[in-house]
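Data block below; observations after.
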Amino acid sequence: MSVKLQNCLIILLFNIMNTTIRKFVFRKIFLNVFERCLLCLPSGCVANDCGSVGLQSRSVWCVHSEGWRTHQSNCFPSDRPPHQRACVKICEWQKDLFEWRLSPWGPCTPSPLLSANRCVTAQRGVQSRGVVCVKRTNGTTVSQHVCEAFSAVPEQEQACLLPCPIDCIVSAFTHWSTCSRTCGSALQQRTRHVLAAPLYGGADCPSLTQIRPCNHDNTHPALCPSDQQEYSYNLWMGPWSPCRLKGTVPVGKTTVDFGFEIDGKKTVKASYTIKRHTENNHHPNHYDERGHKVSWEITIGYQTRQLRCTRSDGKNAMLSLCDHDNSPVNFRSCVMPRDCKVSDWSQWSLCSKTCRTSDQSPGFRFRSRSLKQAAIGEGEPCLALEERANCNVLEDTLPLCPRYEWRVTNWKACQVAPLLSQQDHRHSNTSILCGGGIRTREAYCRSLQASRAKEQISKISRPVGSNLCTRPLPPLAESCFIPCQKHCPLTPWSPWGPCLHDNCLEPQGRRVFRMRARSIITESWVESDSCPPVSEAMICDDTVCFMWRVTSQGPCVPQNGSCGPGFQEQTLECFSATGETVPSDQCSGDPPPVQQPCEMPCPGDCVLGHWGLWSSCSQSCSSKHQEGKQSRSRLVLALPGEYGKPCPPAPELVQWRPCSNQPCTMYYWDTSPWDPCMPNTITDESEGNSTTPQMENDATCGIGVQMRQVTCRRAGNGHVLPKQCPESSRPDSIRSCPLPCKIDCIVTPFSEWSTCPTSCLSVNATAPTQSRHRIIIQRPANGGQECPDTLYEERECDPPPLCPTYRWQTHRWHQCILVPDSVRQAVGGPAEACGIGLETREVMCVGADDSPADVTDCLRWAGLMPVPVRECHVPCRDECSFTSWSRFTQCQGCGSWRTRTRSLIGRSKKRWRCQQEETFPLLEKETCPCSEFHTQAQGPWSPCLLSPPKNIRKNSECGHGKRYRALACLDHLGRLVEPALCKSPGYEEESCHVPCSMDCKLSEWSNWSACSASCGGGVKVRSQWLREKPFNGGRPCPKLDNKNQVSEVLPCYSDCSQYVWEVESWSMCVLNPPNNLKNSGSTQPVCGEGFQTGKIRGGENQDEVVDDSLCDQEEKPIRVETCLLPCPGHCVTSEWSQWTKCTMDCNDGDLRWRSRSVLRWPEGDHTCPDLNQTQACINITCLKYSYVYSDWSSCQLSENAVCGHGIKTRLLNCVRSDGKLVELSMCKELGPSRGKLSAPCEVGCPVNCLITEWSTWSECSHTCGSQSQMTRSRVVLQPAGEGGRPCPSQLSQTHPCPIRPCYSWRVGDWRPCRVEGADCGEGLSRREISCVVHWGSLSGPPQPVPVEDKMCLGNSQGKVSETELLQPCTVPCPGECHLTKWSPWSLCQLLCLDGRSFETWGRQARSRAIVTQVLENQDTCPSQMYETRPCQGGTCLSYEWMTGEWRHNRRLVWCQRSDGVNVTGGCITQNQPSAIRQCHPPCTKPFSFCTQNGVCGCEKGFTEVMTSHGFLDYCTRTPGLDHKKVDVKTTAGRLRPEHHIQDWALKPLGPDGRVKLWVYGLMAAGFFVILLLIFMSFLLW
């Protein structure tokens, strides 16, 4: 064997492993290998040239069934395949002329080589397909040898997997039927039906019928009485013969011989007499001028049928034995059948699948053919006019399908208004809103393939239909943030400054101003753009730019002596208005003298204190009615002596001077908001004064400029000249800015034009339109190109053709056609030509102009064809004759009846048959027409539909609207009619109101409470109270406390020096009154101890008087203190200076000191007190200080914000070691604090539910009935969050449609089979069709009501032909074997595995069983039948063996379905429990039986005696009571005897049934006695 042949065999053996299930014998398989190997041989066709005949050879050898090679003699020569064959050498170019054409794989069928093992999950199967060789050009089939020359034959079979075989499952048998006869031989029967048909090679269904003789218990059945006939006779009528024309042999009356053929079948002989006729009953066809057939040719023929008399045992008898009242009719007229004719198939349509998808499902293509001629009579009906086939099954050759995706537009502008609650007062001005908001965008569907193809041209693709995008919509709403208008937190105004030039260095020609200022708090989370003015100015005259200031004064040195006039030296320096020391040349004029005159009081003189500081000015400015003043004072420190210099009067102790002489007119610079950033067209000089802010983002196009107007304004008045305001504080009017880029509008290209309808238009229909649209992706900004005005275009479609108008045109009925006389006489009919026949009429198809048209046009456009044939009646001479019907009587009112009558005439008056009004009525009545109609409300009210919004917000959920309810229009009989007859639109409406949703309402914020701490950090609180709870889906309330309020807490700071106790002035020291009253008349003392009082008030740094409670009560100054008024000649000193400050370290050696000076030196021995004092710090003010942070405040937003980004703050406090808050400056030695006092925060936005607009109303869901309604819906774009308003409950709404009557054809149930004129045989089952009006459901309620058939003429659905109202049936004759009716369809069952199914369609089955009435006719019985059909909604069913209780070693075993139904089949046979209990070895011992455990036991009252091997040896009676047991000991299998003499006496048998030992002894003794007697007898002889 060559190497190539070996390789070929290896390949084919591998194929055999996959296809072994296709062959039965290994030898045949192996021989087939060599047939395939011929294709693998390298020789091919041996010929001289291509196209010439040659030879092709192959090797053939004999192999054993096990696969090894053997001698050729071991194989049959007749089975040897040829090793050579003729061939044609193929040229290369011929390969392109032919190809293999493969059909799709067929269904998987079970393999004939089934495994002997039980199937577990699946079995092997085989699939096959057709393989033919065809020409490429025209597809004609050629011999396979042609294609085999080019390529090997494709595989025609392949292995597949099938579920395990499923055997047929049948139900349990019914009860036995009653006996077919009460006497004689009779049968009983019982049947069962098929529950599940066999599948996948399962066992076929068993017999569905069981029969038994009625008297099965008696050997001899009961004989019938002599007066009762043994047989009954029935007239049998056969089926109608095919419709024939005249001249053909009829089949009619029969003549029966009562013999039987050898096979036992009955023979029937018939004789006929035929008479030829010449009349013609054909009606010619009609054609129009185009050659189209406009009517069908209808030919009337005749039919006959056989009659015979059958006996109850199934044998035939003479017709005379079958008496019948009416003579049976065995002939009738009929319509000659013509088969349906259709045109050729059209070309296949394009495949519905033109590209590759992921679902791997095939596409479909269609082709159709038209009807040329409908079936006439009993002709062959039309086959399917449409055909569908799979196409593009193999997707690898198809291009990828275009994929679609959602694309979104740019986000729209951020809006805060949707987040506002209903009570928010900012609805009126939404332009100022800022902070957190929400923004939306639109989504549109686009094709990915189209976008890639045009990627180089444009990155924006045109929109397509939204239904093409199957993925969920992308998010169309999100949170956003609008920067708030810049918040300007300002400090309080500073005091008015001195009167200064705008520039003290260049005072010439410039105005002089007094100014005050306030600053922007820098610790703000936003920058300030449009702040109020931070400085104000007043014009003044007394300019003070630089002045001299006395820094120190020396003691007063008298000129002569120790008192009197003298001089006092002082140190001077020049300082500016801001308090800074400047060079002396800056101060104008001469400086004050270095020595200043003074006076030292002499002893006994009045001593005055130094002048105090000037008080603050009483007015900040002067007007006509008010002028500012300020004062200063000094006190009398010592009263004069008798001869001393007296004190000045009291008025001279106070000095006054005017102040703030400037008028009360303030000026400030006012600025407008910054203009938008524009390109820089200003010179560089003007740009030099502006600063360039930092760019916030990179989306800029260079640097531009912003401008604003700067004007000088007078407070409370309008604009003034710029010179009225100080130039030094003038704000900038121009600044640099990042120039934003222009953003042009971007729109998508227009979508494709929507498709125009391809169907034709009716005459009054409006012209269809098509539209296209485009979507704005990006809106313009910063001066970019505006969006186009047209986003939607609509145009009319090209006018489609008008639907053609065709109608059926009928002619008058022709003469009634009867069965020909010759036929009627041949079958034994009456000689008179009368009875029932057929009459025809011409039915034509005409167009709108009444011109003839093709019949197929009317079938398509005009509905069903009118009946061209109907029964007619030709009266016979002996038939009943009547007058014509009279006119109907007059109607008496709506709902009444009208009647008409007729009467018998002639001989009919005397015939009894004609006088039967049940058969021949003489009175007819019908209901009178009525035009009274009324309406009746039907169904519930629709939801309240709001009117379209006008000048209100969109998507309004409340307000006034209307709700609708359908109205049915009924006639006087309660039948549904058109709404127009009631002059009603079909529904009623009434006004309704949808209550508006009410948000949770809170009160306005209360005022901030006072700061909880008068010094340092504290908190202030404000609150809102609950006013109204939410209602009807309103926004829920925030989290409330137990007082139903929500609070906001902020830290606050009170400057410890803000509110201080202020001692305005101390009074003069008042001496205490003398103690003795005797001196009351003497002079007032001038020295000694006394007291002085101080006027104290609580005030701010601004000298504003406040409530005393704001000042620290612990530091309240002393109002009264003791004092010493020096006597004349005593030393007088000034008041103590302030104590110096102690260090923070509080060392033990730290001291503080204060001093005072001598104002009058003493005389004599008097001395001055100490002028200096020191004090240790450790015992007085040694306290520790530390920083403490307060808690964070709640997140604070801008006043125009609802949510979003905010800031939270906290305070830094300085706490003394005793826990008291002190000024922050006390902790300055600790260094600056590193903690942040503010931090960003965010308040969640109360996002209300966002929904789309309502869609347009859909079409009515039904064209008629009470369930028709229109719907509209909307979609949630953004669900509610963070306490926003929830989504409305109604996302869809309905609107009732007018209730129009539904007219349908209703087909009744089949009536019982009836054989007209006979007792049994072939008959017809009829059902009626009627036109009914209903409310949308034929099953009701209300129940359908019959109406005139003309109401259903426009509804071809449900209309059945005349032939569908009749179906052939059989009434079995007594003794005839027949089938039962079809059983009900079984339960829908799925193919399941472990209780799970992978099928969506199940199967149902039904069957017909055999009914045998006579045993002799069993050979003629038909076969039992069953059929299946697919069904939906099936269930998984399981089967389990069930067993009953044991009785006499037997029990019932049956198979039960999981729903409790007993079945046969379904349960696994190998698992069937045994129904008979048997023991091994069998229980043959007396009183023994087989127990449930499968071992032998003894009956009650006996005890088992076992062998050493454990088997029962015998049963012994239990001593004593029957129910008691005794212990039995076995010794070598024998019972050890017990001595109970009284029990064993005279009993030859023991309790186990054995013979007792003494019996054997007695027999042996008797035998010995006999032998002895015989021996003695011999001795006697």
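Including glycine, each Cβ sits where the backbone N, Cα and C put it.
Remember, TrEMBL labels are computer predictions, not curated facts.
Positions annotated as domain 'Spondin-like TSP1' by TrEMBL: 168-217, 340-393, 606-664, 745-803, 1000-1045, 1249-1302. Annotated domain 'Thrombospondin type-1' per TrEMBL: 1481-1520, in sequence order. Residues annotated as transmembrane segment in TrEMBL: 1557-1580.
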Give the residue counts of the domain 'Spondin-like TSP1' (745-803) per reduced DSSP state, in the order helix, strand, coil. 0 helix, 18 strand, 41 coil
If you run through the domain 'Thrombospondin type-1' (1481-1520) with DSSP, how many residues end up as helix, strand and coil? 0 helix, 17 strand, 23 coil
Over the domain 'Spondin-like TSP1' (745-803), what is the model's mean pLDDT? 86
Just to be sure I understand, if DSSP states are collapsed into helix, strand and coil, how many residues of the domain 'Spondin-like TSP1' (168-217) fall in each? 0 helix, 17 strand, 33 coil
The correct DSSP tally for the domain 'Spondin-like TSP1' (340-393) reads 0 helix, 19 strand, 35 coil
In the domain 'Spondin-like TSP1' (606-664), how many residues does DSSP put in helix, strand and coil? 4 helix, 19 strand, 36 coil
Helix-strand-coil residue split for the domain 'Spondin-like TSP1' (1000-1045), DSSP-based: 0 helix, 17 strand, 29 coil
Give the residue counts of the domain 'Spondin-like TSP1' (1249-1302) per reduced DSSP state, in the order helix, strand, coil. 0 helix, 19 strand, 35 coil
